[in-house]
Amino acid sequence: MAFLQDKLLFSVFLVLCVTVLVSSARNKRYTPPSVTHLTDLFPHVSITDGFSNFFGASNTQLTGHGSMATLALNKSSGSGLASKYKYYYGFFSAAIKLPSGLSSGVVVAFYLSNADVFPHNHDEIDIELLGHDKRNDWIFQTNIYANGSVSTGREEKFYLWFDPTAEHHQYSILWNSHHIVFLVDNVPVREFPRNSAVFPSKPMSVYATIWDGSEWATHGGKYPVNYENAPFIASFADMEMSGCVSTPTVGCSKNNPSNLDPVEGQEFATLSKQQVTAMDWARSKLMVYSYCKDTSRFKVLPPECK
């Protein structure tokens, strides 16, 4: 009997050790490589001046004379903002603080889309922060698709190297005729080439939202939003939108006051060696899903995967 008890205790000990190791691997806080801070190159845009209400106005509050917005999700509604202008290309960034606690099913998004104008063949560039069934764990998901087919989406998912609920962190998109780059705290985590068949080409608005993604966001919908933990509140600040503004008369009006041009400037045509090193670091340590490795979904991998 004593032997069986010892064996049982040892088995429980092993399970606990494995659980701790897996959890530690996911929650480990890394120190990222040094990179150029692209967010320092462009001016902040007042939320009052740059955005209008998209939905859930009662769950949206502006503070700091319009420099910061809190967006809430409760059982009645989520909330969101939409830019007043559409952009062909540019640099777009937001400092976001995510809801703390258990957040399964919650989606906080900062993205570009033209679904309002092209409902059946729209383009989209997504940053989606997906809530988790573990406290203060979030998944950083990026996605790109063009001409309306969600089935052609190019998703990649990453863990973050910090607690995104403790303070604001910067989430950015660089989109020009050369590539699309996703950055977290100025660290590139993904570069998507212009030569892909799925590359947005039509003007898009910028959106900041929080909403209920219970059907898919956390482990494929296994863990829906638990509204006993509501309201879920995300804070957006330090908004940046610099680039090529779409206008009916001119077609493309560059609103960037600096000498650096995020639309076609050579400074943004390729990643620097420093940025490539940082991106390799992020992808090797933090990426947990890439469509390029999903052979069950793509029988023939898209050309850019090669």
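Each residue, glycine too, has its Cβ placed from N, Cα and C.
According to TrEMBL, the features are:
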SIGNAL    1-24  signal peptide
DOMAIN    40-236  domain 'GH16'
ACT_SITE  GLU124  active site, nucleophile
ACT_SITE  GLU128  active site, proton donor
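In sequence order, VAL107, VAL108, ALA109, TYR111, GLN141, THR142, ASN143, ALA217 constitute the residues six or more apart from the residue listed as 'active site, proton donor' in its chain with CB-CB distances below 8 Å. With a 10 A radius on its CB, GLU124 (active site, nucleophile) counts 19 other CB atoms from all the protein chains. Mean predicted confidence for the domain 'GH16' (40-236): the pLDDT average there is 94.
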